[in-house]
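Student: Can you read through this structure? Questions will come right after.
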Amino acid sequence: MSRLRTVIGDVYHGVKLGLKLSQKHILDSYLKVPFGILVILGILYGVNEVIILTTINFPSSVACMLLLYIFLISSQKILGDRKTKKIVKFIEIPGGFSLRWINIFFTPAFITLPLSSWISAKEALTIAAVFLFGYFTATVIIAYFTIGLQKILKTTRRSNVERAEELHLMEDDEDDHKESERQLNPSNANSTAILGSSTSPPPNDDRNSSNNSSIRGSIDSINSLNSIEMVDRMKSPLNANPELIVQDIPRGDENSIEEQYRKSLNLSKQASRLSHITTNNNNNNVSDDVDSDEVIKVELQTNKDKHTLEFPSLPSPVAQLKRPNNPGILASFKNRKLFCQRSILEQSNILETDKKLIIAQFLNKNFDFFILGILFIVSLPIYFIKNYPMFLHLSIAVATFIFMLQVPPPKFKKFLHPVLCSVGLSWFWFYIFSLIKNENFLDTLKLYKTSRNYLKLFNHKENNQWPGAGDVFSTLMDVSIVSLSIPMYTYRNDLKRHFWALLPPIFLMSFGCFFIYPPLCYKLGISSERSLGFAGRSITLALGTPFVQALDGSVPLMAVCTVVSGIVGALTGQFIFGKKVLRIREDDYVTRGITLGINCGAIATAQLLTIDPRAAAMSSLTFVLFGTMMVIMASITPLAKLVQNWVELKTS
């Protein structure tokens, strides 16, 4: 009995400690993110109501993305960079989440595919042939057309960086750290560019000798400081009082401590360099071995007295680990951890048993999976008793998507795209539960997406069914579309520089898709509705849906072609652009971004966010302008009637 009480006590205190460690993660992911998403959805709903009052059929998500981009540009001009960065930080709370999960928001187009009308094998093969021919032909034409256009405009096609891991996008908002860095080494104050800044190599001896004059100039300002103030300014916060810092570490906070620790290392290196010069001028010996793994002791001579400072030595160089599946917009080129959360807990003075710590760390590490499991358990009685499958479908879709992200080996992940594979797994589990409930599988899929998203949630006259899991994903996809304005703003200088290189490829592709695809498909034996739906092959779903609806085309075919185009672009884009096919430079982010943006839409853009954010910014603006152009053309009644007559569409 006493052992049972001990186990229960360990579990209780372990869970309590785990929740304490996860409190920052809970605050950020389960309070701030949902609140930010609700704010964006409220704005989208209001903008959509205004658009309804007009005669234009334009998606509110794309309109808000363009408006947000214009707002950020105007804010940067009026309020300045510092205040605009604060605004961007608030937008990134829901925006970063939606961009990290943007791929899963495309799955409803595939899951509801069995609900589409029957299609013959001949027509299916014809559609596949037209798709492949059109995709690769458009890729080659747009890529080389963009290269030739930039040569004519004499704009550079090269990027200052080649990989997302080389980008130093983590902006330093610590003004005190910036100020001390300027005092210690003013020659490097303006060494980082706003866009595409990369890490400069470690300074060599020549550069050190060339910067000695600026460093000696900083010594005079340091000598004028009080010794105690100087010690407090230079000493790392972790070294100052580590016990107070590590005793209460919420989940996710180790990254901020990691960043803080790296700052202390930079200051330590600069302080040791300054002290070396100072003591050499006074003929004193200084221990400045930065390659050792031990603590560095630095004797710092001031005008009044001498003080000995202790700094941690710099770590030995290690191989850079690539993170191709790293989600989110912001990436740091220094991904290696100097310490882990487990070591922090072990070094702290928390008087807990090993079992409690193990339980706490396990809960902290797998907190999201516990929430997903609780959602699945709660959804079972709701599904079987109340006949409402949204929560069950949502938990299954998310679980299968995460499974395909984490379980397959790295060498197979390139081919096992999580969108396609998670759809197959979702079908399997939906079918299992439909058998258990003795329900038709197609009826289950009809409840997966009832087309009652946030825009129609309060309209009971048009649709009296409750929303499904697919409606939740389509709602969050609109938030992702709005959030694409963040990388567009981050690389605004590149977009401004290459804006005129964007327009001709967009006009060329718009003409081809609108006036060539429908009659070509119809002449090859594809039905009128599907021929019109094929015109939206490369338009992102948010813009392709109103485009095809304006032409009275097949929305399911457009959705499938759009998603497949994005997946094919994500899987084969780097190979096609490589040395064996098109031979486009790896640092030519302009050509890659424009080509994938026009031809592959938002899915390829999401993949570009993890490997080349500058190309992703170009791709974002490209597919938005391209989709906007197509929607405008479809909204012009004479043009729409002309294309419908070409395919002999019978309209009522």
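Numbers here mean position along the shown chain, with the first residue as 1.
Cβ atoms are placed via backbone N, Cα and C, with glycine included.
In case it's useful when we look at the structure, here is the feature table from TrEMBL:
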| type | residues | note |
| --- | --- | --- |
| COMPBIAS | 183-196 | compositional bias 'Polar residues' |
| COMPBIAS | 209-219 | compositional bias 'Low complexity' |
| REGION | 164-219 | region 'Disordered' |
| TRANSMEM | 30-48 | transmembrane segment |
| TRANSMEM | 60-80 | transmembrane segment |
| TRANSMEM | 101-121 | transmembrane segment |
| TRANSMEM | 127-149 | transmembrane segment |
| TRANSMEM | 366-384 | transmembrane segment |
| TRANSMEM | 415-436 | transmembrane segment |
| TRANSMEM | 499-520 | transmembrane segment |
| TRANSMEM | 557-577 | transmembrane segment |
| TRANSMEM | 589-609 | transmembrane segment |
| TRANSMEM | 615-640 | transmembrane segment |
Student: With an 8 Å cut-off on Cβ pairs and a sequence gap of 6 or more, do the transmembrane segment (101-121) and the transmembrane segment (499-520) reach 3 or more such pairs?
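Tutor: Since fewer than 3 Cβ pairs under 8 Å link them, the transmembrane segment (101-121) and the transmembrane segment (499-520) do not come into contact.
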Student: Run the contact check on the transmembrane segment (615-640) against the transmembrane segment (30-48): 3 or more C-beta pairs under 8 Å, excluding pairs closer than 6 in sequence.
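Tutor: Counting Cβ pairs under 8 Å, fewer than 3, so no.
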Student: If contact means at least 3 Cβ pairs within less than 8 Å, sequence distance 6 or more, would you call the transmembrane segment (127-149) and the transmembrane segment (415-436) in contact?
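Tutor: Output no: the transmembrane segment (127-149) is apart from the transmembrane segment (415-436).
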Student: Restricting to CB pairs under 8 Å, which listed stretch, 60-80, 366-384, 499-520, 557-577, 589-609, is in contact most with the transmembrane segment (30-48)?
Tutor: 60-80
Student: Give residue numbers and ranges for long-range contacts of the transmembrane segment (557-577): same chain, 6 or more residues beyond its ends, CB-CB under 8 A.
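Tutor: For the transmembrane segment (557-577), the sequence-distant neighbours (Cβ-Cβ under 8 Å, at least 6 residues beyond its ends) are 106, 109-110, 113, 116, 127, 131, 135-136, 139, 143, 414-415, 417, 419-420, 529-530, 533-541, 544-545, 547-548, 584, 586, 591-592, 595-596, 599-604, 606-607, 611.
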Student: Residue list, the transmembrane segment (60-80) vs rest of chain: Cβ under 8 Å, 6 or more residues beyond ends.
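Tutor: Residues 40, 43-45, 47-48, 51, 87-88, 91, 455, 477-479, 481-485, 488-489, 492, 542-543, 624, 627-628 contact the transmembrane segment (60-80) from elsewhere in the chain.
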